[in-house]
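Asks: The repeat 'ANK 1' annotation in Swiss-Prot covers 41-76. Annotated repeat 'ANK 3' per Swiss-Prot: 113-142, in sequence order. Annotation comment: Swiss-Prot describes 146-175 as repeat 'ANK 4'. The topological domain 'Cytoplasmic' annotation in Swiss-Prot covers 1-294, 492-506, 553-622 and rests on a curator's inference. Residues or ranges marked as topological domain 'Lumenal' by Swiss-Prot: 337-347, 393-470. Residues annotated as transmembrane segment in Swiss-Prot: 295-315, 316-336, 348-368, 372-392, 471-491, 507-526, 530-552.
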Amino acid sequence: MADGPDEYDTETGCVPLLHPEEIKPQSHYNHGYGEPLGRKTHVDDYSTWDIVKATQYGIYERCRELVEAGYDVRQPDKENVTLLHWAAINNRIDLVKYYISKGAIVDQLGGDLNSTPLHWATRQGHLSMVVQLMKYGADPSLIDGEGCSCIHLAAQFGHTSIVAYLIAKGQDVDMMDQNGMTPLMWAAYRTHSVDPTRLLLTFNVSVNLGDKYHKNTALHWAVLAGNTTVISLLLEAGGNVDAQNVKGESALDLAKQRKNVWMINHLQEARQAKGYDNPSFLRKLKADKEFRQKVMLGTPFLVIWLVGFIADLNIDSWLIKGLMYGGVWATVQFLSKSFFDHSMHSALPLGIYLATKFWMYVTWFFWFWNDLSFLSIHLPFLANSVALFYNFGKSWKSDPGIIKATEEQKKKTIVELAETGSLDLSIFCSTCLIRKPVRSKHCGVCNRCIAKFDHHCPWVGNCVGAGNHRYFMGYLFFLLFMICWMIYGCVSYWGLHCETTYTKDGFWTYITQIATCSPWMFWMFLNSVFHFMWVAVLLMCQMYQITCLGITTNERMNARRYKHFKVTTTSIESPFNHGCVRNIIDFFEFRCCGLFRPVIVDWTRQYTIEYDQISGSGYQLV
C-alpha cells in the first residue's frame, strides 16, 4: 500500500477508487447507453433484430419469437452477458418474467465484473426490477467481481429505496464487503446527500466501525470525500471524532491535511461539545447532557433578572452600571461556549418564555397585589393563569401526533410499498421509516414525523400537530390576556407611584419619568409589549388559517409541493376547507350538547384526502 492519502484512490478491488463523475460509469453495465433504453415509439422492422437488441429495447414479441425458435435464454453473448442481465438493467420486467419461465438462471454471473442481474438492476436504481428478481429467488448477498453485494452498490449509488428494501428483506445493515467496507462507509464516501446515510443511521447502523484495511470509520471516509452533509449526520449520530485509522489519523487530522476550514471547525466543535478541550472540572459538567439543558434553560432567568436588577440599583454612575452589564455579557459568553450545544435553538426560546413569565408573576404578586382590586382584577387574572398553565403544559408535554411504528411494522411497510411500486421518498420518511400520512411532515428539530404538522414552536419546546394544536391555540389565547393584564398592572403602578407630567410635557418626557421612577417595572413593561406583539400576530394568523383557509402553517408555506392543493398567485384552495363555521367546529371539536357533530380524523393513519373512511382510520361522524 502507498503511504500517502492518495492511496485511497489507487487501491484495487471494491475499495473507494472511483471519482465522483464515475458514479454512473459508462461501462459494461450499460453497454454504451447513457440511460436505460426506452421502448421504440415509431414503427420499425424488428424482424432483423438480434435477441440482445430486442431485449434492450423491450421488444417482447421479437424476443419470444427467437426463444420459441430455439434460442437458449441461458446463453451469454460474446461479452459474457445473459439476456436476463440486459432485461434487468433496462427494467424490462415482462421479459424477465418470460426468460425465467423459460429457464433463465436468476443468479447467473456475467459481464466484466462477474455480476448477477440483480447487481445490474441495483446499480441502475431499478427498485421494481430488484423486487421482481428477489421474488424469483435472486440472492442480494452474492458479491460481484469487486467484492460488493447489492446493498453496498445501492449505498454507493445513492439508491435509498433499494437500500431500505434490502434491509427490510433481511440484509445486515453492517454487512461488510470483501474489503471490509460497510454500506454506511460507502454512502459516506460516495453519496453527497442526506440519504441513504440518514436511512442507515435510522436502522441503528454501527457508526464507529472501521474498514478492514485502513481502519477508517464512516466519518473518515466522509472527510476524505469532503462530504459535509454526511459529516453533520454522523456527528449527530455519535460519530467518534477521535477514532484513529491504521496510521493513527483521526477524522480531524484528515480534515487538516485537506485544509478544509468547514470540516475542521465542525469537527473541533464536536470535540468541544464532548468536553475534550476543556479543563477537567468543566469536562465532567460538559458531558452531562441534563446539566447542559438546565444551564440553557436557566440562563434567561439569570439574564432577565440581572438586566432589571442592575437598572434598578440606586447608583448614579452609568459607568459602573455599564461595567456590570459587561460582566453579564461575559458570563453569558462563558456559559454559551462552555455548555450550550446544538439544542440551544429549542431550549433558549423555551427558557426565555419561562423566565419572562416567572418574573412577570413575581412582579404581579410583589408589586401589584396591594394596588389592584381582588375581585375585579386578581381573581380573573388567577383564573386566566390556571387556564394558561394548563394549555401551556399540554402544548409542551403532550404528544403532538408522533407517528409511531415498531421495527417489524417499519420493515413490513417498506416491503409493501416497494412491492406495490409506491416506495417513493415523497410519501416515505427515510428517518422514521414509515409511510407518511397526508398532512404529516418530518420535523427536523424533533426528528419525528408529526401528524397534521403545523410548525415546531420553540416557545413551547414542542411540535404543534394533531395531538396538541387545540391546546396551543388555548395557550396563545390565555397568554395574550395575561400579557394585557400585565401591561394594565404596569400602567396602574405608574399612576399610583410615579409623578408624571404626560399632559404637560408629552410622551417622551413621560417615558423618561416612568423609566426613572421604576426601571424594573419599565423593563417588565418592555418584555410585555414584545411578547404581546408576537403572540397577537401568531394568534391572528392561526385563526385565519384554521377558520378561513382550512390549512396548517406548513401547508400554507409549502402548498405548491402538495398535489392536493390548488395554488394561484392570490389564493390557496384546500380540500380540507369546509367553510368557516364547519372548520371551527371540526378543529375545536365543538358539540354543544349534541347541537354540532364535528368530524373527527385520526391523522396518524389518514393517507388520502377522501372523507368516506371507516371509523378509526379516517373521517368519522360523532
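Just so you know, glycine gets a Cβ as well, placed from its N, Cα and C.
Looking at the shown structure, what environment does each listed feature sit in?
Replies: Note on the repeat 'ANK 1' (41-76): residues 31, 33, 82-84, 86-87, 90, 92, 94-95, 98-99, 102-105, 108, 110 of its chain, located 6 or more positions outside it, place their CB under 8 angstroms from a CB of the stretch.
As a summary of secondary structure, the repeat 'ANK 3' (113-142) carries 17 helix, 1 strand, 12 coil according to DSSP.
The average per-residue pLDDT of the prediction over the repeat 'ANK 4' (146-175) is 97, rounded to a whole number.
Through the fold, the topological domain 'Lumenal' (337-347) approaches residues 236, 273, 278, 282, 285-286, 291-293, 295-297, 445, 456, 458, 461 of its own chain, all at least 6 residues removed from its boundaries and within a Cβ separation under 8 Å.
Within its own chain, the topological domain 'Cytoplasmic' (492-506) has Cβ neighbours under 8 Å at 367-368, 371-372, 513-514, 517-518, 521, counting only residues six or more beyond its boundaries.
A Cβ distance under 8 Å defines the sequence-distant neighbours of the transmembrane segment (316-336), meaning residues of its chain 6+ beyond its ends; these are 295, 299, 302-303, 306-307, 310, 344.
Here the transmembrane segment (372-392) has long-range neighbours at 361, 364, 460, 471-472, 474-475, 477-479, 481-482, 485, 488-489, 492, meaning same-chain residues at least 6 beyond its ends whose C-beta is under 8 angstroms from one of its own.
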Asks: Counting each residue once, how many in the topological domain 'Lumenal' (337-347) are helix, strand and coil under DSSP?
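Replies: Helix/strand/coil tally for the topological domain 'Lumenal' (337-347): 7 helix, 0 strand, 4 coil.
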Asks: With DSSP as the yardstick, break the topological domain 'Lumenal' (393-470) down into helix, strand and coil residue counts.
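Replies: Across the topological domain 'Lumenal' (393-470), DSSP assigns the residues as follows: 20 helix, 17 strand, 41 coil.
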Asks: Take a look at 295-315, 348-368, 471-491 and tell me which one has the most Cβ pairs under 8 Å to the transmembrane segment (507-526).
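Replies: Looking only at 295-315, 348-368, 471-491, the most contacts with the transmembrane segment (507-526) come from 295-315.
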Asks: Using Cβ atoms and a strict cutoff of less than 8 Å, what residues sit near the transmembrane segment (348-368) while being 6 or more residues removed from its termini?
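Replies: Tertiary neighbours of the transmembrane segment (348-368) are 296-301, 303-305, 308, 340, 381, 385, 396, 458-461, 482, 486, 489, 492-493, 520-521, 524, 527-528, 531.
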Asks: Counting only residues 6+ away from its ends, which parts of the chain sit with a Cβ under 8 Å from the transmembrane segment (295-315)?
Replies: 321, 324-325, 328, 331-332, 335-336, 339-341, 343-344, 347-348, 350-352, 354-356, 358-359, 518-520, 522-524, 527
